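Note sheet for the following structure.
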């Protein structure tokens, strides 16, 4: 049984996850309409893939959390562990790959650098995405053996703390290799944000001689993209902190309240960042405002029918 505080927090994280699925579903729907209208772009493709992956991430986090709360014996089963581990590696790595690709796409489209390497990357943006896709496949090929290794050690020493049977250095190396792709894409996101800051600084210096209106428009674009990138980095850090809290609370402390707090923190990244993307993207923002107006009109029509 859950306490009152645990029940309230569980309702909160469940409601937030539903909103996150709806937000990502809206991005998916808006890009599907653009695809039907033959207005599908590279950014649209990345946003679509990102929305799909984040819906799966939310579902995995919430379903796994509910199982840990109400059916912990199922979580301890071999079948559940191996299936969830493989699915999590694929979906989580792919989600961060799409987010990093989006950040890099914004950098190449908005930033202005005179270096020939930047011009080369800007002209061959598809090649850059293919390179990142190759990095994703390499990260999978490294992560899968580490997942099997950790699972086998846990299976052999089921009744004892299985971490004891891995040397400390080996244990750290195994988890670094397991998340090597995530670490790489996270570093790319940080570098992208740093380059955008430099681009904004150079842009402000160059635009001092031009009209203030032109300057403000370009600066606004830079600042808007920087907010998206910084929010991504912060939320991703919180996401992994939440997963760590959730895992430790289940394996070591067996604290349900701490487990639910971990769920809340880990769900913030896939849920909140989707709404940040909607507000930062002019097309998605207009589509969301249009959808809200249609809902209001539908509600008014329904109220009028009820009064009659």
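From the backbone N, Cα and C atoms, a Cβ is placed for every residue, glycine too.
Here the topological domain 'Extracellular' (1-7) has a mean pLDDT of 81 out of 100. Feature annotation from Swiss-Prot assigns topological domain 'Extracellular' to 1-7 (among others); the stated evidence is sequence analysis.
Residues or ranges marked as transmembrane segment by Swiss-Prot: 8-28 (among others). Note on the transmembrane segment (8-28): residues 2, 47-48, 50-52, 54-55, 58-59, 61-62, 65, 69, 257, 260-261, 263-264, 267-268, 270-272, 274-275, 277-278, 284, 287-288, 291 of its chain, located 6 or more positions outside it, place their CB under 8 angstroms from a CB of the stretch.
Here Swiss-Prot flags 29-41 (among others) as topological domain 'Cytoplasmic'. Panel annotation: around the topological domain 'Cytoplasmic' (29-41), residues 47-48, 51, 283-284, 287 of the same chain, lying at least six beyond its termini, place a Cβ under 8 Å from a Cβ of the stretch.
Taken from Swiss-Prot, the feature transmembrane segment covers 42-62 (among others).
Residues annotated as topological domain 'Extracellular' in Swiss-Prot, with sequence analysis given as evidence: 63-78 (among others).
Per Swiss-Prot, transmembrane segment is recorded for 79-99 (among others), and the stated evidence type is sequence analysis.
Residues or ranges marked as topological domain 'Cytoplasmic' by Swiss-Prot on the basis of sequence analysis: 100-124 (among others).
Counting residues 6+ beyond its ends, the transmembrane segment (125-145) has Cβ neighbours under 8 Å at 42, 86, 89-90, 93-94, 97, 100-101, 104-105, 108, 177-182, 184-185, 188 in the same chain. The transmembrane segment annotation in Swiss-Prot covers 125-145 (among others) and rests on sequence analysis.
The topological domain 'Extracellular' feature in Swiss-Prot is assigned to 146-179 (among others); the stated evidence is sequence analysis.
Summarising the annotation, Swiss-Prot assigns N-linked glycosylation site to 159.
Within the chain carrying the transmembrane segment (180-200), a Cβ under 8 angstroms from the stretch's Cβ atoms is held by residues 92-93, 96-97, 99-100, 103-104, 106-107, 110-113, 132, 135-136, 138-140, 142-143, 219, 222-223, 225-226, 229-230, 232-233, 236, all 6 or more beyond its ends. For 180-200 (among others), the entry in Swiss-Prot reads transmembrane segment.
Under the heading topological domain 'Cytoplasmic', Swiss-Prot lists 201-227 (among others), citing sequence analysis as support.
The transmembrane segment annotation in Swiss-Prot covers 228-248 (among others) and is backed by sequence analysis.
Swiss-Prot lists 249-257 (among others) with the feature topological domain 'Extracellular', giving sequence analysis as the kind of evidence.
Residues or ranges marked as transmembrane segment by Swiss-Prot: 258-278 (among others).
Summarising the annotation, Swiss-Prot assigns topological domain 'Cytoplasmic' to 279-308 (among others).
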Cβ-Cβ under 8 Å with the transmembrane segment (79-99): same-chain residues at least 6 beyond its ends:
46, 49-50, 53-54, 56-57, 60, 64, 67, 132-133, 135-136, 139-140, 143-144, 147, 151, 154, 178, 181-182, 185-186, 189, 232, 236, 270, 273
